[in-house]
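Below is one structure, written out as structure tokens; the observations come after it.
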């Protein structure tokens, strides 16, 4: 027999298979649809604690067993009384009585009773209709705004249907009548109403005995009674009535007292409440430091307990979570915080009054009403957020997040035993064995240093020494996120190679694969930084290891060597620091007679030199130790001062000393440790976030004469940081912050110096070739790529880059599309100096500049002296240790006008940021705050055409931004439709036929799905961006220089955005430009903060005017000397012609010594000419034979007269006059230059112009 025949053994009839029930029957047959499950459920619920002591919580979270359907019919009657309290002003008393023995429940309230009258349309008493007829209600008017709980016409009738007895008693005082009616047998049987006269006050009382059999119960158990009693306390809080339970008044009748029932004042819980900001919203947040409670939402809507929350909770919680997240991100920037991580630490109370609320089901556990239609809006206050922050929850959230993330770091732990293999790792033979702790891992700065170490291993062997190269600098782990640390390949490699376990406290080193780390890095500031980063890594995660002296070591390789002699008499002196070399030079005739070789990188050494270094390993090994005892830092850091150097050439290190200007934002030059353990303090000072101001003071203490003694082989971490690592921080600032006088950072100055020396005004040169020339000539040590980027940046001229580019961009040097990131490779680019540079940097000034020296070579000046402050012409930005700077450029014409005002003792006029070819506007907000506003035109009602963006907003980025807005807007609009549809579906989950049958929706069949869909929809809608949802589409017609975006909005949305003031900010059509971080090195080499453009200009003019005087004095002296030389040359030639000086006698030339003796006898003076070091007669002896003529005499006399006239003209001019003349010459050249630049720009802008838009009705740069 088939399965089919078996299943149809007793087939149902058609009538049995297809049934029709009326609504009354359906409610009893399908309780889940109306009141929820009628079976017992065991779960945690908030209930009243009958056994609570005076200081104990009265409402507790406890596991109970109850029947949801029974709870719901009870709740319907409770909400019915609450609704009456809202409707009727005279309803101010509600009494709830529960007899646990009989199971009888009654709810009484005063106030207006129900109309005791017969309904004319339906011919039935009104109380009978309301409580005994299904789908009857006073809440069907959709045009009326109601803030009650009832709405669907079921309400207390559900309690009637699920009761064995249900009575309604009400008094209509207006008619002087009292109504009483009794229902039994699940509302199937009803007695005739009893109407009597009654002269006292109105009231309504509902009494019922649930049908316990239908709920599988015999009576009201303790759990259910505790749950019902808690609900009465809810009623006391959510209404303004006096509420009684079993004749005892509940005094905890306000929001604060109600929350106190859960979390009394004596508990450890931290409570923050806002019940006054908005009359329709009461909000509380509880932080549980004991971490015993899970995240909870205890919420109410119009006295209904929304146990699953809803959109009202999401609106409140979302704001609070966002506020806390902002605070947390500020405090711990690198910790990844998700909203759920914040919520899990908090309990939220929300009591909201919502107009015409919508719920997902008849059980009304979850509000689905759209937030926009609440009838009110709760906005969390800053005070409230601060109150929550004060509870300490943010620290807990950060700690939890770090604990989670750090747990992931354990996945990258190393092991003390066994092999570890990495591509570039050369393990010690004993590593990972029982003798592993005796091994040393040599961490090298790159592959070249690895080769140096491998050469050295030929000397010391491989048994106890392993080598692993680092790729650049190690990550600063102290403030990095655990995820970033876990993803860092080098951090992971070191952990596995050494055998380090995350968080382990090491009592000894025997469990490690390597018992020490040796750092092999270049002897320069970047090498110091690498050492510090490795120390920081170990100290941050394994502070116990740095307490072992020598766990971290470094190899002191030579920075330079002085060599003298050859063979057996050869002498070699090695130096590991520039300071020790300078000290040696002082004692050894400035190094004369010695050959000096500089080792800027370990790759400079050949294998023999590497082996030589390792042969004397112990003498070159520096071991670091922990020094907790406090030192007198003040006397140590300020023990020496640097003498001023007035010579034209000075050592670079001298320029760095004490460079923080007394007028800067932080002026202290004494750093005092914040931690009693000075080594601990030094570590966090150098690497930890939050100590930026301390680092500024620390940098200010720098003294180049306070350096590590190279003879010491034991150095404390404290001394390393304060004497060696500090030089990296100082150098970092020097590289990042430009000089007031020329607007150059060191790399820019080197490029300009090399370009002038190469004289590339006429002949263009490849950028890659110029990079090599500049690097070699100026001793640049930070890589060709960095220098090439500097050259490219100096030649860029797109909007937002240079206002006046000194180098010409001959090739694709980058555009406004990406902010210059789209430049071609340096090997494809050519450049040359713009002729206008000659009018800015005057040749006469080059001889008075103070040059630096390095490797015993003269390099670029400390700063140049342009005739206008190029820092204001082109602006600058940079970030260094402790200091950053951001200076926006100005119009050169405004700058020149103000210089001339200052030269005549007038006050300069206020300048504002200016960018060449920017067509948008720069507007002053207040003080030092400006904004850059885009230029756009409004076309019709729903379209704007953007023709320029705020400066610094690049075209590609803006296009991506608009693409993202379109995607967001499409999603938001779809979600809103989906939400609207979901709400509509929730309202119509039951469709009633004439016979009363109903059909459930898909979500009704799957309540979990309904709950999930509602939550996801409302969450997304709550985050909607009004600008994104307003945009319909956009198009663009941009090029590398042209901006052209046309944005079309949905009808009416553009006008709304303009009126609300959200258009410009929402579309990023404005960008702030603040003049609040203008740091510069001044003429003394000290960093100074300037508050205004005027302050920069005044400082520049003061110094530049002195330099004009210095130049004048120098030229007068130089020209007088040149006149003297011309005069004595004339006299010499005349003496030769006259025979007073005899060069030839008897057909033979006289000896040079005889001629020089004759010059001395005739009192001819000696002069220093050209590159000569001492005065001599070179100016005479260099005269050629054919210049000993009368024609040459006349020529020299003419030169002498011209020079005399030139000198007289210069003597007659003041420095101010000289400057003004040069400014005028510059303006004349600048006019020509600017005209050509503008013509070229406009030609490119208008060439092959794209499609034209409609004519605008209104053009504006919107405010």
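Placement of Cβ uses the backbone N, Cα and C atoms for every residue, glycine included.
The region 'Disordered' annotation in Swiss-Prot falls on one of the ranges 938-976, 977-1015, 1016-1054, namely 977-1015. When the ranges 918-927, 928-937, 1058-1067, 1068-1077 are checked against Swiss-Prot, the one recorded as region 'Interaction with DNA' is 1068-1077. A distance of 12 Å separates the Cα atom of residue 522 (Mg(2+) 1 binding site) from that of residue 473 (site 'Interaction with DNA'). In the domain 'Toprim' (439-553), the DSSP tally of helix, strand and coil residues is 52 helix, 19 strand, 44 coil. Sorting the recorded positions 363, 476 by the number of other Cβ atoms within 10 Å puts 363 first. Taking 363, 445, 473, 476, 954 as the recorded positions under consideration, the smallest Cα distance to residue 696 (site 'Interaction with DNA') is found for 476. Secondary structure from DSSP puts residue 80 (ATP binding site) in a helix. Each of the recorded positions 780, 828, 954 was scored by how many other Cβ atoms lie within 10 Å of its Cβ, and the smallest score goes to 828. Rounded to a whole number, the C-alpha distance linking residue 445 (Mg(2+) 1 binding site) with residue 828 (active site, O-(5'-phospho-DNA)-tyrosine intermediate) is 31 angstrom.
Averaged over the domain 'Toprim' (439-553), the predicted model reaches a pLDDT of 92.
The recorded positions recorded for this entry are 155, 157, 363, 828, and the Cα of 828 lies nearest to that of residue 476 (site 'Interaction with DNA'). Cβ neighbours within 10 Å of residue 80 (ATP binding site), excluding its own Cβ and spanning all shown chains: 22.
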